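Chemist: Got a structure for you, questions after.
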């Protein structure tokens, strides 16, 4: 890249000798120069000058290339106006020259020698210049044009070295291309040509990328499955150990202790005996209920609940009925103290077991006045209700007075 000193010198030179326009086409603000002649050219013309070869035109960039002091001196010695005036002053100059003819002419060779001599600080004269004997090449047919397609063969006859001409042709073909490629190398790259195998390469690359993605996902899935299986196995083993420990503590150890102490058979025998007693009690009670239902007899007093559990006191208040020895109907309206009766004395039709006679509460003696003479009759008959004397009623009332719980028999039925 040009140094600040180089930029300063070139800025001063540009302001002189019509250097602010292109020497070839007249474009404004040229950024390229031909150091050999000290002239300023544009970007397009710089490519054409490169095609001439460095022995005819050495091209440099004003801002992008590094400069030497001798090159700056050549720029001061040359210039657009100086070169044009020098060419027009020569006898062999023709305005219709092509670019190749112009810079291959004797006039151009003389000006090159002048610029190089002045840059070295020497005096130059036309008579003493070695370029006086310059003999330009004489081609049979001149095919050089400003825009020759790349790769077009050149039909020129050379008077110099054949190898040099071959190098010149190769250099010209590399720099002077077609119109669409003339900016190649200056920020504009030509896209590569598509080949037939590009499609296959792109397909294979897509296949490789897809397979890589699949393998990556499969490896991730396998690692996740492995981690899950390991975690599940650890949890299962932990639960199994906990279950085994609980079973050992709650079942096996107590059983072992009982076996050692000899208590396990006692526990088994006690459990079996309890179960048998419960089964026996349930079976006997069920059979007794069935036989009672079909025989029409009342339940035996031996199977009845204790006193205080009569149907008059079925509300369950045992504390109030604990002192009552007789049922309510046995003392209601009776003149004499009640006597003990057989278990079947509650029946209306059964005979009295103690006397061998029918019970006094039978319907056969309903309304009879001889209730007082029947001493062995049951006191809860209907005849006692009608035939009892006032004294009997008073005694019954007096007897029933202390037992307040018996008078409230109807109130305890929760009817």
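Glycine is no exception: its Cβ is also placed from the backbone N, Cα and C atoms.
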Chemist: Among 54-89, 90-125, 126-161, indicate the range for which Swiss-Prot gives the feature region 'Disordered'.
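Modeler: Range annotated as region 'Disordered' by Swiss-Prot: 126-161.
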Chemist: Just to confirm what the record says: which one of 241, 347, 370 has phosphoserine annotated in Swiss-Prot?
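Modeler: Going through 241, 347, 370 one by one, Swiss-Prot annotates 347 as phosphoserine.
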Chemist: Of the residues 302, 310, 344, 360, give the one that Swiss-Prot describes as phosphoserine.
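Modeler: Matching 302, 310, 344, 360 against Swiss-Prot annotations yields 360.
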Chemist: Among 359, 379, which is the one flagged in Swiss-Prot as phosphoserine?
Modeler: 379
Chemist: Looking at 22-45, 166-189, which one does Swiss-Prot call zinc finger?
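Modeler: It is 22-45 that Swiss-Prot describes as zinc finger.
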Chemist: Among all protein chains shown, how many Cβ atoms are found within 10 Å of the Cβ of residue 231 (N6-acetyllysine), not counting that one?
Modeler: 10
Chemist: Using the alpha carbons only, what distance in Å do you get between residue 246 (phosphoserine) and residue 231 (N6-acetyllysine) once rounded?
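Modeler: Here the two Cα atoms lie 23 Å apart.
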